[in-house]
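These notes are about the structure you will find just below.
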Amino acid sequence: MSTYADVKLPDGNSAPGVAFGVGTAHFGSDNDTIVGYVKTAIEVGFRHLDAAEAYGNEISVGKAIAQSGVPRSELFVTTKAGPGLKDPLSSFESSLRKLGLDYVDLYLIHWPYDFVKPGYPTIQEAWKALEEIKDSGRAKSIGVSNFRIRDLEKILSIPDLKHKPAANQIEFHPFMYEAGEELYQFCKKHDIVLEAYGPTSPVLRFSGGEFDGVLDKVTKAVAERAGKDKVEPSQVLLRLAAQRGAIVVTTSSKDWRMKEQLAAGALPELTQQEIDELVAAAKPAPQRAFMKHMDDTNTEY
């Protein structure tokens, strides 16, 4: 079962502190294999499921929920509007049908860069549509994903804003900490919860540099404080993301790995010195795996 504390959202709702994501690793696979992965995730203890219209597998997620035997009230389901942003209300209703649900717990705008395309609403217009969805009760909370400060400011500056974004889901790991610090502090200031996807990218995508040795040293120290013979470096990265206040979004196709991910929330916190050492080791080689627009903070798309 999960060892992560729930995270309070600014609208008063709470979300489980770790989510099973059915995104990049399972992209476009709407089939029985995905049903099996999601069912396994629920069986081992995940209660927060993170889906999206763009992933092309909402039907499989819905089947897994229906077959799991876990009451809907015990699950927290997130999905996102992406290709359907031209008509957010229709997109949302389509997602509900595919998921086979009456409501979702969190509905996000997947990315901001479609809003400059002809025929698309502005960010403000799309957000007003999400406010309608929240007010209808069919989405308990609403938020965004892959939004920069300038994108968030467009929402926060709406004169008759009723609901600010509850969350901003972004790529978040030590290689991004320095580049993302201003956004991190902005969200903190405005009480917007960060959701961290790709939190283990340093070991899955960017291994091979100085950071590896520092992470190994920190991992051994965490294992010693936890009284464990072995702790995985990926678990330390998950613990670090949670320690920084983020909802952790992770994934796997293996049940033993899912259990490791869920157990990471119970690890001792990293010391400030350990965090500083990890950030310093990552600083010379900042790397982003997804959504390159996030690095351009000054222009439109």
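Heads up, the Cβ atoms here are built off N, Cα and C, so glycines get one too.
The domain 'NADP-dependent oxidoreductase' annotation in TrEMBL covers 21-281.
Counted within 10 Å of its Cβ, the other Cβ atoms near Tyr55 (active site, proton donor) come to 25, all protein chains included. The active site, proton donor annotation in TrEMBL covers Tyr55.
Non-local contacts of Lys80 (site 'Lowers pKa of active site Tyr') by the CB criterion (under 8 A, 6+ apart in sequence, same chain) comprise Ala51, Ala52, Glu53, Ala54, Tyr107, Leu108, Ile109, His110, Ser145. Sequence annotations record features per position, and here TrEMBL assigns site 'Lowers pKa of active site Tyr' to Lys80.
According to TrEMBL, the substrate binding site annotation covers His110. Residue environment of His110 (substrate binding site) contains 23 other Cβ atoms, counted within 10 Å of its Cβ in all protein chains.
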According to DSSP, folded down to helix, strand and coil, what is Lys80 (site 'Lowers pKa of active site Tyr')?
strand
